[in-house]
Amino acid sequence: MWNKTRTTLLAVGVLFHLFYLWSIFDIYFISPLVHGMSPYQSTPTPPAKRLFLIVGDGLRADTTFDKVTHPVSGKTEFLAPFIRSLVMNNATYGISHTRMPTESRPGHVAMIAGFYEDVSAVTKGWKSNPVNFDSFFNQSTHTYSFGSPDILPMFKDGASDPNKVDTWMYDHTFEDFTQSSIELDAFVFRHLDQLFHNSTLNSTLDYEIRQDGNVFFLHLLGCDTAGHSYRPYSAEYYDNVKYIDDQIPILIDKVNKFFADDKTAFIFTADHGMSAFGSHGDGHPNNTRTPLVAWGAGLNKPVHNPFPVSDNYTENWELSSIKRNDVKQADIASLMSYLIGVNYPKNSVGELPIAYIDGKESDKLAALYNNARSILEQYLVKQDEVIDSQFFYKEYFKFVEKSHSHYLEEIETLIQRISEGENYLEQEAITLTEELMQITLEGLHYLTTYNWRFIRTIVTFGFVGWIFFSFIIFLKSFILENVIDDQKASPLSHAVFGSIGILLNWILFYQHSPFNFYMYLLFPLYFWSYIFTNRSVLRSGIKEFFKGTSPWKRVLITISIISVYEGIVYGFFHRWTFTLITNILAFYPFICGVRELSVNILWIITSVLLSTFTLFDAVKIEDLNQIHLAGLLIILSAFYALYKIHSRINSYTRAIFAIQISLVAAMLAVTHRSVISLQLRQGLPRESQVAGWIIFFVSLFVMPILHYRKPNNDYKVRLLIIYLTFAPSFIILTISFESLFYFLFTSYMVQWIEIENKIKEMKTQKDENWLQVLRVSVIGFFLLQVAFFGTGNVASISSFSLESVCRLLPIFDPFLMGALLMLKLIIPYGLLSTCLGILNLKLNFKDYTISSLIISMSDILSLNFFYLLRTEGSWLDIGITISNYCLAILSSLFMLILEVLGHVLLKNVIIQDKTKKTQ
């Protein structure tokens with residue numbers, strides 16, 4: 001039923017949700033980046049002429065320093081004995097603490113630019129997107145970089161002069177997760193050797209390489225690849241660490257012979273660690289703790305503790321006698337800048353770790369002071385931007401109590417006194433400088449969030465207005481069908497809302513607000529004007545909707561709905577909440593009056609079994625037994641369904657079903673062989689990969705076409721077709737229990753259809769029972785969430801295991817791997833859309849009734865998550881709150897898509913004893 005009112009709802013709804021989806025990035029995650037700062041040189045007397053930055057991608061701190069037992073040889077040993085010898089004799093070491101997300105791009109940005117890239121970067125992509133801020137490479141004389149095509153280009157393309165950064169990269173196809181990861185690192189060392197050799201044949205190159213201020217960046221991807229493929233406790237991962245340790249002394253010897261001046265500084269670290277499951281991205285300590293070892297020109301030798309110092313994490317390192325100097329990852333950029341005497345990156349927030357520096361205290365203090373001035377420069381530029389766009393400006397309270405100029409004067413006075421021999425003031429000067437840096441960073445956050453309260457109020461009115469606006473349209477479309485034309489707005493309404501709009505738009509204009517802010521304001525003005533004009537429709541529609549129910553029952557229904565929605569909100573953070581709600585729904589048929597014992601018992605059993613999935617760990621470990629069990633259950637359930645519908649199908653359809661069941665069995669066999677081969681480190685058999693893709697394609701595309709040639713329009717037949725169409729694809733993409741969920745989720749919805757049909761048949765009144773529509777909509781929306789959280793959560797997707805795609809795609813291909821992951825996520829929604837479509841037909845609901853009602857209520861979730869967004873703390877928490885908000889705000893549109901998809905999947909389907917069919 002596509003009338004004017006519904007068209008308005010869809011057009012306004014799509015625009016509203018798309019704009020408000022983006023609102024969090026305009027409000028919460030405005031980039032703190034500022035431009036136009038003056039640079040500050042780290043030191044005029046650099047201790048090193050060049051620097052080698054060696055990054056072991058995905059290398060954990062404990063693996064680097066700990067004594068481990070090799071899983072193949074059984075030998076207990078230190079994997080990196082040479083690096084350990086540096087720590088004990090020649091280097092300063094510590095743990096570099098990363099921030100979340102513990103991914104390659106933000107990790108490298110932090111250590112090379114000294115800047116923790118904000119979440120708004122996710123809107124631009126993270127691989128090929130060049131960094132749009134200053135970096136250590138940008139300040140160097142020249143940078144020679146070797147390694148992965150996922151990392152090197154973003155610093156080359158983002159440099160002020162791209163010719164300043166040279167890159168030597170392997171092709172993406174080189175990143176084969178089933179082959180030896182050591183080859184990736186061997187490429188780096190081999191091409192560095194080639195560069196040195198070429199310089200002996202080219203005088204220009206030789207001159208360029210020997211310039212002061214050069215940087216050599218070695219990006220070693222091997223550990224990350226081995227960790228993803230085989231876990232960080234595997235022989236492959238350990239062997240890769242040993243290979244790196246073997247190559248570093250060779251590298252040092254070649255560098256010393258080539259330059260022959262002992263003026264080279266070396267930094268060895270990692271961008272992030274690796275979880276026990278072979279993933280990273282979240283805030284687990286195994287992901288955030290990385291090694292940092294620094295040696296060479298300008299760097300301190302190890303300092304011995306007067307007494308052994310260790311903790312539970314480091315007790316097996318046998319380094320308790322050596323002082324450990326931990327840093328934040330962004331501090332590495334400041335350290336590297338000092339070592340070769342270049343400017344601090346203009347956007348750096350890193351603090352110079354003076355414990356690593358070998359030099360005069362006055363030089364170190366001067367460098368730290370310039371570090372603080374560089375950060376303060378960002379604050380001053382940002383403050384000027386804010387002052388220029390405000391009617392009234394209120395300065396950050398800590399700088400009101402003590403101005404930044406006062407801080408600078410005090411520090412300069414202390415530095416002057418220290419230079420005159422008062423060395424006892426050094427610690428006071430360092431403490432005061434660090435205090436200035438900390439307050440400056442807090443002030444930057446204050447300026448970035450200066451207009452939060454105003455714009456968040458506008459967005460809140462927008463969400464609440466949409467809820468009432470869409471509910472009024474639902475009432476007009478399905479309950480008060482005699483209301484055709486909208487009520488005319490009164491002159492008072494025009495005057496009031498027009499005045500408010502002019503005033504608020506003027507404020508936005510004065511604040512130099514972007515275009516999106518005007519749209520955020522336009523929607524609440526339109527919604528509340530519409531609500532005010534149609535307030536009589538809202539009153540009469542609610543009265544008709546709850547016709548025949550007592551006031552206390554209305555209150556109970558309202559409380560129940562809000563409780564379910566708030567439970568869903570809580571379930572986004574704690575999946576066990578979905579278990580609780582599913583178990584409560586186990587009594588749903590009995591509460592609604594269904595008294596058939598077999599129906600109720602089967603429903604309770606299925607509900608309890610389905611509820612267990614949200615208790616399982618979202619990060620899964622490959623389990624072939626669970627995959628086998630799920631495949632067997634899918635095959636048995638298909639045979640049982642065929643037995644139940646055998647009288648409704650002809651021989652052609654029966655033969656197609658037999659082929660589909662055979663494809664499920666064949667895919668199970670292919671999955672078994674692929675898993676065994678990959679677990680034995682024998683790679684993916686070519687024939688298994690080809691067979692997997694053939695079955696994948698045939699089941700998803702060929703079989704539906706064969707059914708379409710001679711269609712059977714019975715709804716039970718159509719549901720079985722869809723169930724078997726998706727099953728093979730889901731099996732090969734399953735890591736452990738996902739296919740079991742697929743089987744039980746389908747069983748649950750099939751039973752739900754029959755239960756709702758029985759409830760419908762029990763009603764004798766002629767009037768439309770809107771409470772059943774309400775119940776179906778709420779349960780349907782709940783199942784929309786279960787379809788996602790039943791097999792994982794946001795965090796498990798951000799760090800998904802490669803087992804789910806390596807059986808089809810062993811070569812690294814982020815686009816195709818992402819597409820396969822999305823297919824796996826979408827399949828349960830396809831089943832849900834089919835069942836909602838069947839419910840729509842069996843219960844004689846008008847088309848789009850369910851989606852329209854859900855759309856009017858679902859933004860209860862969006863409003864919750866809007867205020868639950870986090871900008872501080874663990875980046876895992878920050879990322880999850882962003883994803884939760886996006887999932888919630890897209891639920892409205894997704895529900896409509898599901899119902900449209902249901903119409904497509906159920907085209908011409910006939911419900912027995914009903915004359916209605918899909919159009």
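Cβ coordinates are placed from backbone N, Cα and C, and glycine is handled just like the others.
With respect to the membrane, S536 and L680 are annotated on opposite faces, judging by the topological domain names in Swiss-Prot.
A simple way to gauge crowding: the CB of N198 (N-linked glycosylation site) has 12 other CB atoms within 10 angstroms, across all the protein chains here.
Ranking the glycosylation sites N90, N138, N202, N286, N312 by the number of CB atoms within 10 A of their own CB puts N138 at the top.
Across 513-533, 577-597, 599-619, stretch 513-533 shows the highest tally of CB pairs under 8 A with the transmembrane segment (10-30). Looking at which of 513-533, 599-619, 627-647, 808-828 has the most CB pairs under 8 Å to the transmembrane segment (721-741), the answer is the stretch 627-647. Between the transmembrane segment (627-647) and the stretches 513-533, 577-597, 599-619, 656-676, 688-708, the greatest number of Cβ pairs separated by less than 8 Å involves 656-676. Mapped onto three states, the DSSP output places N286 (N-linked glycosylation site) in helix.
When Cβ-Cβ distances below 8 Å are used as the criterion, the topological domain 'Lumenal' (829-848) is approached by residues 1, 6, 478, 715, 718-719, 722-723, 726, 742, 745-746, 749-750, 752-753, 756-757, 760, 772-773, 776, 780, 783-784, 787, 894, 896-899, 901-903, 905-906, 909, 911, 914, 916-919 of the same chain, each at least six residues removed from its ends. Within the same chain, residues 642, 707, 710, 712, 714, 716-717 sit at least 6 positions outside the topological domain 'Cytoplasmic' (648-655) and bring their C-beta atoms closer than 8 Å to a C-beta of that stretch. When the C-alpha distances from N198 (N-linked glycosylation site) to the glycosylation sites N90, N138, N286, N312 are tabulated, the minimum falls on N138.
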